[in-house]
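Peer 1: Here it is, the structure in full.
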Ligand code: CTP
Ligand code: ZN
């Protein structure tokens, strides 16, 4: 790869979330609860040219190996994402994100009357459908712009 092509530096060790749907990189970070406030080294590439997709986003987290479970929640906003674990500059593990059966805690129900949005100690829980998510408490289904539900 030439200097001209390299947009985001390689990392030494950590996690590379690749093939993220263009435009979703910041949503990926907020869904993971990563905002840079604890000093971690984060690199984000947006609208980077890709072979498979016309454009993609890439998120690189230095010094942290995120778990597959932690990353599977991303499948609702970045279904084609690839998770690469990097050690000493080498990719030692590569996995696709997989749709989990349910997603708890990271999305907020858009129904204002839902028990999860009231002042109760109830964690949000959504069943993951083929084409959206359904609140397990009030049955509200969201199919479009699931990223707007991210509880940040
Ligand atoms: N990467 C990185 N730092 C490293 C090694 C890899 O940031 N030390 C990044 C690469 O830039 C790429 C991703 O991790 O975005 C996957 O690396 P690699 O498997 O080498 O690339 P490809 O073969 O192109 O991956 P794929 O087949 O998944 O497209
Ligand atoms: Zn609800």
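Backbone N, Cα and C define each Cβ position, glycine as well.
In case it's useful when we look at the structure, here is the feature table from TrEMBL:
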type: DOMAIN; residues: 6-98; note: domain 'Aspartate carbamoyltransferase regulatory subunit N-terminal'
type: DOMAIN; residues: 102-145; note: domain 'Aspartate carbamoyltransferase regulatory subunit C-terminal'
type: BINDING; residues: 109, 114, 135, 138; note: Zn(2+) binding site
Peer 1: When DSSP is mapped onto helix/strand/coil, what comes out for residue 135 (Zn(2+) binding site)?
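Peer 2: The residue in question, residue 135 (Zn(2+) binding site), is strand (DSSP, three-state).
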Peer 1: Count the residues of the domain 'Aspartate carbamoyltransferase regulatory subunit C-terminal' (102-145) that DSSP assigns to helix (H, G, I), to strand (E, B) and to coil, and report the three numbers in that order.
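Peer 2: Helix, strand and coil residues of the domain 'Aspartate carbamoyltransferase regulatory subunit C-terminal' (102-145) number 0 helix, 15 strand, 29 coil.
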Peer 1: Which residues, given as numbers and ranges, are at least 6 beyond the ends of the domain 'Aspartate carbamoyltransferase regulatory subunit C-terminal' (102-145) yet have a Cβ under 8 Å from it?
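Peer 2: Tertiary neighbours of the domain 'Aspartate carbamoyltransferase regulatory subunit C-terminal' (102-145) are 31, 33, 73, 75-76, 151.
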Peer 1: Name them in sequence order: residues not among 109, 114, 135, 138 whose Cβ is within 8 Å of the mean position of the Cβ atoms defining the Zn(2+) site.
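Peer 2: In sequence order, the nearby non-listed residues are 110, 111, 113, 115, 116, 117, 124, 136, 137, 139, 140.
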Peer 1: Per DSSP, what is the residue count of the domain 'Aspartate carbamoyltransferase regulatory subunit N-terminal' (6-98) in each of helix, strand and coil?
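Peer 2: Result for the domain 'Aspartate carbamoyltransferase regulatory subunit N-terminal' (6-98), in helix, strand, coil order: 16 helix, 37 strand, 40 coil.
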Peer 1: Let's check the environment of residue 135 (Zn(2+) binding site): how many other CB atoms sit within 10 Å of its CB?
Peer 2: 23
